[in-house]
Amino acid sequence: MNSIASRPTEADLALPGTLGAEARDWLNLLKPRVVSLVVFTGAAGLFIAPGRIHPFVAFIAILCIAVAAGAAGAINMWYDRDIDALMRRTAKRPIVNGRIAPADALGFGIVLSFASVILMWLATNAVAAAVLALSIAFYVFIYTMWLKRSTPQNIVIGGAAGAFPPIIGWAAVTGDIGVMPLVLFAIVFLWTPPHFWALSLYACKDYARAGVPMLPVTHGAAHTRRQIVLYTVLLSAATLLPVALRLTGPVYDVSAVLLDIGFLVFSWRVLRDRQDAEGVSLTNDKPARQTFRYSLAYLALLFLAVMIDHLVG
Ligand code: HEM
Ligand SMILES: CC(C)=CCC/C(C)=C/CC/C(C)=C/COP(=O)(O)OP(=O)(O)O
């Protein structure tokens, strides 16, 4: 059985007994699980930044990143409601199911977007607010409304949207942008292709049905497997930049090397998966599914290492 169909969707994942169905729909519009990792990378940028920030202001800054990412997700769901209806993974989303009217979702997303940027400006500074606004605009206009439906490079370029939060967190404290947050940007930027292309290998039929030009649809599974390995190598190189630049200590350095080895092993297994002449998996894409899950743990652990390294350094 295809696990895209059997996997619990956002709509299935009730916050048990704490929220009514309607509140849950509005919450799910914000893509809360994606937001949780986005926020973690933003919090890391804030945590390692030089200088002082009042804990309450830090909380507000992190909240603004969460609300902005959620708001961008809501606008993404509004815009993509036609293709979301065609894909099994997204078919239960609240706009597709008619539980939230499209215009309400759009209004919700726009209000939260402006509120998060204005609050970030008032609570911290113009640089953090400007980069926050840029990341919303990048995700909504560049990725969702333009690249996603027009080029298989959508993820490579559009991935920048999700890479800004470490810069935003850092800027919230310092009011400027340093070398370390730029390196963290590069890491998330290069992490996004293997993260997403692993998923796209086993969601390929969904994307083909919806007419979305994701890499396995346009260039085939074999090419996508090679690109996953290529970007994992580039990602590993980027994670070693702070080591070379002596920006980090042993906790980060050792963690990065171990996590990179893990990612390279998973990607290699995707490349070597048993497949037919076109590169389509004969194992129900087991290695690709494992690699997608590993990508989430990888980023969370790498950013945890960044924070612990800063704490003990
Ligand atoms: C353009 C960039 C990105 C694309 C296209 C993308 C795509 C996706 C897709 C389609 C899923 C859904 C998987 C599913 O429901 O089975 C997903 C899951 C996820 N993504 Fe990404 N992603 C991107 C960037 C990011 C970033 C920057 C982060 C965090 C830093 C992130 C964190 C997550 C998490 C935590 C999940 C798991 C959510 C769940 O369990 O439902 N993604 N991603
Ligand atoms: C601070 C800020 C605004 C950050 C933006 C972070 C962010 C939301 C990054 C993109 C993450 C993501 C879920 C992309 C998938 O879009 P998709 O439309 O391809 O996935 P879908 O098919 O699940 O909707």
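Note: Cβ is positioned from N, Cα and C throughout, glycine not excepted.
What TrEMBL says about a protein is an automatic prediction, not a curated fact.
According to TrEMBL, the transmembrane segment annotation covers 34-50, 56-79, 100-121, 127-147, 154-173, 179-204, 228-245, 251-271, 292-312.
Beyond the ends of the transmembrane segment (179-204), by six or more residues, the same chain brings 2-4, 41, 44-45, 48-49, 87, 89, 155-156, 159-160, 162-167, 169-171, 214-217, 221, 224-225, 227-228, 231-232, 234-235, 238-239, 241-242, 245, 247, 263, 267, 270, 281, 284-285, 288-289, 291-292, 295-296, 298-299, 302-303, 306 to within a C-beta distance below 8 angstroms of the stretch. Within its own chain, the transmembrane segment (56-79) has Cβ neighbours under 8 Å at 29-32, 34-35, 38-39, 42-43, 46, 93-95, 102, 105-106, 108-113, 115-117, 119-120, 123-124, 128, 132, 135-136, 139-140, 144-145, 161, 165, 168-169, 172-173, counting only residues six or more beyond its boundaries. Segment contact holds for the transmembrane segment (292-312) and the transmembrane segment (34-50), given three or more CB pairs below 8 angstroms at sequence separation of 6 or more.
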